[in-house]
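To start, the structure under review is shown below, and the notes come after it.
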Amino acid sequence: MKNINQNRRSFIKIAALFTAVPFLDSITNRAELLASTISSFSTSLVKNGEVLTAAHWGMLKLTIKNSKVIKSEPYQKTSDIKNSLQYYTDDLIYAKDRIKYPMVRKSYLDNPDDPKRDLRGNDKWVRVSYEKAIKLIAKELKKTRKEKGTKGVFAGSYGWKSSGNMHNSRVLLHRFMTATGGFVGTVGDYSTGASQVIMPHVLGTIEVYEQQTSWPVVLEHSKVVVIWGANPLTTLKIAWSSTDENGFKYFEKLKKSGKKIICIDPYKTETCEYLDARWIAPIPNTDVSMMMGMVHTLLEAKKYDESFLSEYTEGFEKFKDYLYGKEDKIVKDAAWASKICGIDEKTIKELANLFYDNRTMFMSGWGMQRAHHGEQPHWMLVTLASVIGQIGLPGGGFGLSYHYSNGGVPTTKGAIIGGMTSNIEVSKKYTGGSSWLENAAKYAFPVARIADALLNPGKKLDFNGKKVTYPEIDFIYWVGGNPFSHHQDINTLIKAWKKPRTIVVNEIFWTPTARMADIVMPTTTSYERNDITMTGDYSNLNIVPMKQAVKKQFEAKDDYQIFSDLAKEFNVFDKFTQNKTDIQWIEEFYNQAYNQTLKMNLKIPKFKDFWKANKPITFEAPFENTQFVRYSDFREDPILNPLGTPSGKIEIYSKTIEKMNYDDCKAHPTWFEPSEWLGMKDKKAEFALISPHPRHRLHSQLNNTSLRDKYAISNREPIWINTEDAKAKGIKNGDVVRVFNKRGEILAGAIVTNNLKKGVVRVQEGAWYNPLDKAQKNSLCINGSVNILTKDIPTSKLANGNSSNTALVNIEKYTKKAPDLTIFKQPS
Ligand SMILES: Nc1nc2c(c(=O)[nH]1)N[C@H]1C(S)=C(S)[C@@H](COP(=O)(O)OP(=O)(O)OC[C@H]3O[C@@H](n4cnc5c(=O)[nH]c(N)nc54)[C@H](O)[C@@H]3O)O[C@H]1N2
Ligand SMILES: Nc1nc2c(c(=O)[nH]1)N[C@H]1C(S)=C(S)[C@@H](COP(=O)(O)OP(=O)(O)OC[C@H]3O[C@@H](n4cnc5c(=O)[nH]c(N)nc54)[C@H](O)[C@@H]3O)O[C@H]1N2
Ligand SMILES: [Mo]
């Protein structure tokens, strides 16, 4: 056994050697050379055996036979709830649609200065050598930087990439762009675009990514649990780092607890079914009205906590004036709400009383804030919870993250590993300071405005009290995301995508986004490289080694290598890599945790032993963390522990927002009619479309695996249709259906069901966009990509979040023969 220090020394020696050796000025990848030099140490591949790795969908045990992954399964069992995503790793690695080689779109290769942008997505691909591709990207990026400056280069590159703190493609892209002159970035995300901007005004924190009142407390104290627009049995399959899988365990306990559980959702979710919960099905986008009807009910019945409202909240009286229609003469009572949300008055009142009379925990998901005026639902939910007055009490109040990344699973007392960074930790030796960071993402706009930004350079956008000017983007570099799956109104995005001169994408597969690029760099899966991650974004439960399981497929390269080689073309290789190989970075990230443990009286192995063991390190939660109650400090002493809002209290009325003077987001929670909904006059289409997160995918990830066979209907992406609606349209279970509106059309396979509110249809996000005719405008998507139909409008001027759950569509039975899918094959 070699001593780790020896190895570290030899790393340094090798690195120093390479900096001095002239032949390395060629494109030869130094990072890989370094890696191969140390591979005898511990990075050699397993030929036959088992390798532990991790994905967003948890720790996985991979069985390897003759250097091939032949089986993928959960590494551990935490509950009886099965995670369908964990079994398809081999399908991903050996997918038919892997990008094998660097590819350049023919017209772009012919003349990058006049690249026939209209042909994007419908041109021939030409294979080029890796060296040539690197040189081409570097040359064209330099050209854009010279002609258009930092503002011309977009690298916002939103997306869910793969797990791993080292090979974090988006961060690596940003690091590279920062080192070479900056880039246009984005702010916010698609997940909680509205809530993460409004919540700081209301609660002083973003709230959506915060630890929740601990599950043991909920199980002990809550009498009623309301799952409001959430589907944790689906959404807890994954986490941003890697799921710790304990959320399922607690939902199992919740089921057994016998508590009253209510699911409020237009769809009777698998969570609702599993928990045997009561199902309340509002019309999409109308929850705010229902909550207002509840508050009115409680005020009339004198069932509210006056002292909570006066001591802990700000501006309730002004909201009350609105509720009672002081100005608009509309009293927002249960009868009023009932007409909007489609829940009868009696039920609204009954629920309001039930919530007040019992210790009630509202667990809300994010689907309802991904809608026009999406700022309102959570603001109104906080208002309802304030009226009830249980915020900060064990098992009471609200939580906006029980459905995500195992919120509520107690935080462990452990150490946290480091990770690749885009903008810090650059040795002063290279920069004489951090001046090279200054241009980093100085120009950023709200992430879901991408199509608007590309189409309207120079346009000024209102955003949370500020003005943002869209830059003129001429170069896009995208890694680790799939905008042609995730962005709303894809047909408009296609138009917008024609604006820039150059589009580069690093991808593993021929996704719709890769197909819309000029230069495509083949990227490794996380199973073809070494990495490290933690599990549990809130619990920090495990540190997991992610050992390379198989060799890199075809000419696929790690994003780290691609950007290292590009960095070289800009003479910033040292700055970008700090002369470290991936395994050296991984060791460093691990040691950050190791050093923390030294001060904590915890013992974890040295890196080398950890890496060799092929086992996770698991931390434990101390008792006090199992008893955590969100906002209990604030409740105990609001003077000593004020919130981060201007008043230090929960702002039901916000003077900050009042000053912004927006017509689409007022200073208190407001019922606004969405731009498309079932209750509107002159409806342009018949059905409300919701597009929740997929049960058997992570967004678009895994759509190209055999898992698809388990959920596809007549080989199409499913669409859920209410039984009566289907009957009226002559649609039967298993029929192929055309779904359409003025923005576009898709094919989907019908699931006829009573589990969906009448008038609503449901298509999960993430099916790969597969146009029938690539040359045709607004072509039919034969693989059911729902974002062909959704609307690309901001939630409001406040947050500019996406409004993907606000759309109306028509449906009809598709009587022609459904065309064969082409999207999961190699392009020509
Ligand atoms: N209609 C509708 N649309 C939505 C939503 C909705 O609810 N409804 N939800 C929105 C939300 S919340 C989100 S977060 C987005 C998600 O949108 P995305 O995050 O864009 O979706 P993913 O399918 O996860 O895309 C990740 C891509 O990264 C690639 N990838 C994985 N690992 C690597 C790597 O190591 N290197 C490189 N270069 N590439 C890699 C994968 O192959 C995949 O194509 O979708 C949004 N869109
Ligand atoms: N398996 C799996 N898990 C995931 C993901 C995935 O793609 N696959 N994505 C992850 C990511 S990035 C995110 S952001 C989260 C998303 O987490 P969420 O945003 O909470 O998930 P969604 O499925 O979009 O929405 C949750 C529920 O809201 C309901 N809903 C929609 N509109 C309304 C409404 O107007 N009123 C009410 N009451 N309910 C409504 C939907 O029917 C759905 O059941 O999930 C994460 N977890
Ligand atoms: Mo998300």
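A Cβ is built for glycine as well, from the same backbone N, Cα and C atoms used for every other residue.
Of the listed candidates (ASN783, ASN787, ASN800), TrEMBL assigns ASN787 to the same Mo-bis(molybdopterin guanine dinucleotide) site as TRP160, ARG370, ASN482, HIS486, ARG529, ASP559. Least crowded of the binding-site residues (HIS486, ARG529), judged by neighbouring Cβ atoms within 10 Å of its own Cβ: HIS486. Selection of the binding-site residues ARG370, ASN482, HIS486, ARG529, ASP559, ASN787 by a Cβ distance under 6 Å from ligand 3 yields an empty set. Listed in sequence order, TYR190, SER191, GLY193, ALA194, GLY801, ASN802, SER803, SER804, ASN805 are the same-chain residues six or more apart from ARG370 (Mo-bis(molybdopterin guanine dinucleotide) binding site) with CB atoms under 8 A from its CB.
The Cβ of ASN787 (Mo-bis(molybdopterin guanine dinucleotide) binding site) has 30 other Cβ atoms within 10 Å, all protein chains considered.
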